[in-house]
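**Q** Feature table excerpt (Swiss-Prot):
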BINDING   Leu74, Cys75, His76, Met110, Glu111  substrate binding site
ACT_SITE  Asp125  active site
Amino acid sequence: MKDLTHVDEKGVKMVEVGHKDVVFRKAVAKGRIRLKPETIELIKAGKTKKGNVIAAAQIAGILAVKKTPELIPLCHPIPLTGVDITFEFGDDYIEATCEVRAYYKTGVEMEALTGVSVALLTIWDMVKAVEKDENGQYPFTRIEDIRVVEKVKGEE
């Protein structure tokens, strides 16, 4: 079993990466939000009351990637070289993909996971009025399957 790198006998710590080489890093995370089919159609048609759902989710996700070390206390601030957030539509879901790139001493998986999570949360926020049932609940809406699907260390 591997040891935890952020915890030792003295408590919690930020891992020392000063000795590591600067290399290309990439992480891709995906996740889905389940929505009513009618909500998906409203988003595609650009007819939601709060505005362009996809553009807002992209901007929020990119901002979240940049803010990751402020949200997750033991993450290193990383000089990012690029972030892409894309979406694929299904009949009752939107799948978000967040790709993060950097040249640095440590990986960018947490940044990719944070970006995809906030992008999906932003979609929820922008469509919650049409997703609620008559009791103000969200019986169908859910965020699921957030995961890292690719990690690259080394050559681009």
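First residue shown is number 1, and so on along the chain.
Even glycines carry a Cβ here, placed using N, Cα and C.
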**Q** Under DSSP, is Cys75 (substrate binding site) part of a helix or a strand, or is it coil?
**A** coil
**Q** Would you mind reading off the Cα separation of the residue listed as 'active site' from Leu74 (substrate binding site), to the nearest angstrom?
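**A** About 28 Å separates the two Cα atoms.
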**Q** Using the recorded substrate site (Leu74, Cys75, His76, Met110, Glu111) as reference, state which further residues of the same chain have their Cβ within 8 Å of the centre of those residues' Cβ atoms, listed in sequence order.
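**A** Those within range, site residues removed, are Thr68, Pro69, Ile72, Ile78, Thr106.
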**Q** Could you say whether, by DSSP, Met110 (substrate binding site) belongs to a helix, a strand or a coil region?
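**A** Met110 (substrate binding site) sits in a helix per DSSP.
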**Q** Taking Glu111, Asp125 as the recorded positions to compare, which has the smallest set of other Cβ atoms within 10 Å?
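**A** Each of the recorded positions Glu111, Asp125 was scored by Cβ atoms within 10 Å; lowest is Asp125.
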**Q** Among Leu74, Cys75, His76, Met110, Glu111, listed as contacts of substrate, what is the widest Cα spread in Å, to the nearest whole number?
**A** 12
**Q** Once the chains shown are all counted, how many other Cβ atoms turn up within 10 Å of the Cβ of Met110 (substrate binding site)?
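**A** There are 22 of them.
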**Q** Using CB atoms and a 10 A radius, I'd like the single residue among the binding-site residues Leu74, Cys75 with the highest neighbour count.
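**A** Selected residue: Cys75.
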**Q** Neighbour count, 10 Å Cβ-Cβ cut-off, for His76 (substrate binding site): what number do you get?
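**A** A count of 15.
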